[in-house]
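Asker: What follows is a single structure, and I will ask about it in a moment.
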Amino acid sequence: MSYLEAIILGLVQGLTEFLPISSSAHLRIAGLFMGGDPGATFTAITQLGTELAVVVFFRKRIGKVLSAWSRSLRGGMPKGDPDVRMGWLVIIGTIPIGIAGYLFQDTIRSTFRSLWIVAIVLIVFGILLGLADRYSRSDRLEKDMTYGHGVSIGIAQALALVPGVSRSGATTTAARAFGYSRPVAAEYSFLLAVPAVFGSGLYELVKSFDETGQAGAGQTAVATLIAFIVGLAVIAGLMRYISTRTFMPFVVYRVALGVVLLVLLGTGAIAA
């Protein structure tokens, strides 16, 4: 992988991580034009850049949650405090993806990366997002979120281990299905992703510095930095967008991309 290709993949990661269109699917597709799949390890490590963008953008909220949660363990904060509850909601919501990632890590690296699977789940989960966003109530706020909902949204996040599902798309779909407003759904989705993505990214980084697909350490670092810069801008833009608009443009894009992939695969224009 050249540095130019690393920059392009970093741009793709940064542009697509927070939109409900699946960054891993787009990295997989981009690999078609760059001589091969960049790999699950490369994807996991570059996601560290976009999750660092989440930490920077939500630094005040994350700081409050961490402070309140840690103080509650010592009896210094009531368990019903909103920030304490959010801390527990993030923890319990992270458990499903931790279990699934450990149990299915080999399948994630191989079978799940088939473009046939990517195309199908782009369409299916795009339709689910559209239905949840269109027909669900939108009046539930963060204070209404139950631990049961947190676990359910966490299970949705675990499904995003399959490229094409989209971490933000799956968690937002689940939250919208439970009736939470778009800003609440998006913020919880972002906060929920932090421990999961940092965990998987650091695990892959420590596990092997030479298992980053065709990318070397330098190229991976460049892609991660680009993903951070672009991702920070995308978060800000998305939070403004969803305050007044729906997810329907992303639904249309997902379905269209999935259909195009199926046609290209069916005609033999591209290989799975």
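Residue positions begin at 1 at the first shown residue.
Heads up, the Cβ atoms here are built off N, Cα and C, so glycines get one too.
For reference, Swiss-Prot lists these features for the protein:
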TRANSMEM  1-21  transmembrane segment
TRANSMEM  38-58  transmembrane segment
TRANSMEM  84-104  transmembrane segment
TRANSMEM  112-132  transmembrane segment
TRANSMEM  145-165  transmembrane segment
TRANSMEM  183-203  transmembrane segment
TRANSMEM  219-239  transmembrane segment
TRANSMEM  250-270  transmembrane segment
Asker: Check for me, if you would, whether the transmembrane segment (250-270) reaches the transmembrane segment (38-58) - at least 3 Cβ pairs under 8 Å, residues 6 or more apart in sequence.
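Answerer: When sequence-distant Cβ pairs are counted, the transmembrane segment (38-58) does not touch the transmembrane segment (250-270), since fewer than 3 lie under 8 Å.
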Asker: Using a Cβ cut-off of under 8 Å, list the residues of the same chain at least 6 residues beyond the transmembrane segment (112-132) that approach it.
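Answerer: For the transmembrane segment (112-132), the nonlocal Cβ contacts are 20-22, 25, 28-29, 37, 40, 104, 159, 161-166, 169-170, 172-174, 176-177, 247-248, 250-251, 253-255, 257-259, 261-262, 265, 270-272.
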Asker: Need a quick answer: max count of Cβ pairs under 8 Å to the transmembrane segment (183-203), which of 1-21, 38-58, 84-104, 219-239 is it?
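Answerer: Stretch with maximum Cβ contacts: 38-58.
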Asker: Is it true that the transmembrane segment (38-58) and the transmembrane segment (1-21) have 3 or more CB pairs under 8 Å, sequence gap of 6 or more?
Answerer: yes
